[in-house]
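Over in Swiss-Prot, the protein carries these features:
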- Cys12, Cys96, Cys197: [4Fe-4S] cluster binding site (BINDING)
- His41, His74, His124, Ser225, Ser226, Asn227, Ser269: isopentenyl diphosphate binding site (BINDING)
- His41, His74, His124, Thr167, Ser225, Ser226, Asn227, Ser269: (2E)-4-hydroxy-3-methylbut-2-enyl diphosphate binding site (BINDING)
- His41, His74, His124, Ser225, Ser226, Asn227, Ser269: dimethylallyl diphosphate binding site (BINDING)
- Glu126: active site, proton donor (ACT_SITE)
Amino acid sequence: MEIILANPRGFCAGVDRAISIVERALDLFGAPIYVRHEVVHNKFVVDGLKDRGAIFVDELDEVPDDNTVIFSAHGVSKAVRQEAKTRALKVFDATCPLVTKVHMEVSRVSRKDIECILIGHAGHPEVEGTMGQYSSDSAGIYLVESPEDVASLVVKNPEKLYFCSQTTLSVDDTMDVIAALQAKFPLIEGPRKDDICYATQNRQDAVREIADKVDLMLVVGAKNSSNSNRLKELASKMGVTSYLIDTAENIETDWLTGVNKVGVTAGASAPAVLIKQVVEALKSYGGHQVIEHPGKEESIVFAVPAELR
């Protein structure tokens with residue numbers, strides 16, 4: 001059985017930065033350090049930070065006064081920022097800079113009183129943070145997930161609209177929704193470059209590259225990781241039996257029956273150690289050759305805040 005590794009895979013610059021911010025805050029200020037929401041969607045990473053003294057909370061009212069809080073890579077609403085400021089909490093912002101870019105787009109159209117349509121998944125922390133950049137007294141912001149949502153969408157002024165998207169969506173699905181928006185609202189405007197982040201795009205492209213070369217695809221990533229789920233969905237759409245796994249322990253040996261080539265990739269919040277463990281497990285199940293499939297090299301690095309360097 002050949003093991004074909006997709007490239008790129010695993011950590012992206014935004015995840016690296018977010019984890020580094022929590023680690024550096026713990027190094028400099030000591031435990032406890034509070035983090036609003038999982039800093040990234042990966043249990044292994046979160047548990048490791050918990051062991052070092054990070055405390056993960058859902059809301060700021062769980063953070064005691066005079067403490068340090070870190071906002072997760074997914075970003076937060078303006079209301080959350082204001083609450084932290086009002087309480088004089090020490091804040092470090094681990095929001096991915098590419099998410100911040102979308103926040104700035106939404107804030108800009110809100111100030112101009114332009115209705116905004118966000119393409120994204122309801123309930124995802126990034127979507128909640130992005131929706132929360134839009135002022136409640138402006139024209140309005142709407143969330144759509146599919147062309148069907150677009151078909152039933154009613155806006156106040158079809159001639160004055162702007163769209164943007166969650167950064168971790170399926171590239172193909174997002175293009176379908178954008179096409180539906182442009183067909184229904186010909187004057188709608190959007191970002192010069194789509195909001196899907198480079199890491200999401202590259203990892204989906206890498207799956208496309210190897211999908212027709214493998215009999216099975218394993219995606220290392222958490223069940224609540226948007227970009228990991230999109231990788232699994234993409235491989236499945238391309239006709240490959242695919243599974244999303246947290247760790248090597250999730251591999252079921254009957255998946256490998258009759259499999260000659262297995263592809264391995266990982267979401268942007270999955271650490272290299274978990275990918276390595278999956279490869280080692282596959283070797284123990286009969287994998288005799290590991291092939292690194294060539295892909296796009298990533299050199300982007302996002303700096304941590306100056307106070308933490």
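Glycine is no exception: its Cβ is also placed from the backbone N, Cα and C atoms.
Where Swiss-Prot records a feature, it is marked here on the structure.
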| residue | record | CB count, 10 Å |
| --- | --- | --- |
| Cys12 | [4Fe-4S] cluster binding site | 27 |
| His41 | isopentenyl diphosphate binding site | 28 |
| His74 | isopentenyl diphosphate binding site | 28 |
| Cys96 | [4Fe-4S] cluster binding site | 26 |
| His124 | isopentenyl diphosphate binding site | 17 |
| Glu126 | active site, proton donor | 25 |
| Thr167 | (2E)-4-hydroxy-3-methylbut-2-enyl diphosphate binding site | 27 |
| Cys197 | [4Fe-4S] cluster binding site | 25 |
| Ser225 | isopentenyl diphosphate binding site | 25 |
| Ser269 | isopentenyl diphosphate binding site | 32 |
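Checked against His124 (isopentenyl diphosphate binding site) by C-alpha proximity, the binding-site residues Cys12, Cys96, Thr167, Cys197 yield Thr167 as the nearest. With respect to Asn227 (isopentenyl diphosphate binding site), the closest of these recorded positions in Cα terms is Thr167, chosen from Cys12, Glu126, Thr167. Cα separation, Ser226 (isopentenyl diphosphate binding site) to Cys12 ([4Fe-4S] cluster binding site), rounded: 14 Å. Taken over all pairs of the listed (2E)-4-hydroxy-3-methylbut-2-enyl diphosphate-binding residues (His41, His74, His124, Thr167, Ser225, Ser226, Asn227, Ser269), the Cα spread reaches a maximum of 15 Å, rounded to the nearest whole number. Other residues of the same chain near the dimethylallyl diphosphate site, with their Cβ within 8 Å of the Cβ centroid of His41, His74, His124, Ser225, Ser226, Asn227, Ser269, are Val40, Pro125, Glu126, Thr168, Ala222, Asn224, Ser228, Gly267, Ala268. Close to the recorded [4Fe-4S] cluster site, the chain also has Ala13, Gly14, Val15, Ala73, Pro97, Leu98, Val99, Thr167, Thr168, Tyr198, Ala199, Thr200, Ala268: residues not among Cys12, Cys96, Cys197 whose Cβ is within 8 Å of the site's Cβ mean position. Within 10 Å of the Cα of Cys197 ([4Fe-4S] cluster binding site), the following recorded positions from the list His74, Glu126, Thr167, Ser269 place their own Cα: Thr167. The DSSP secondary structure for Glu126 (active site, proton donor) is helix.
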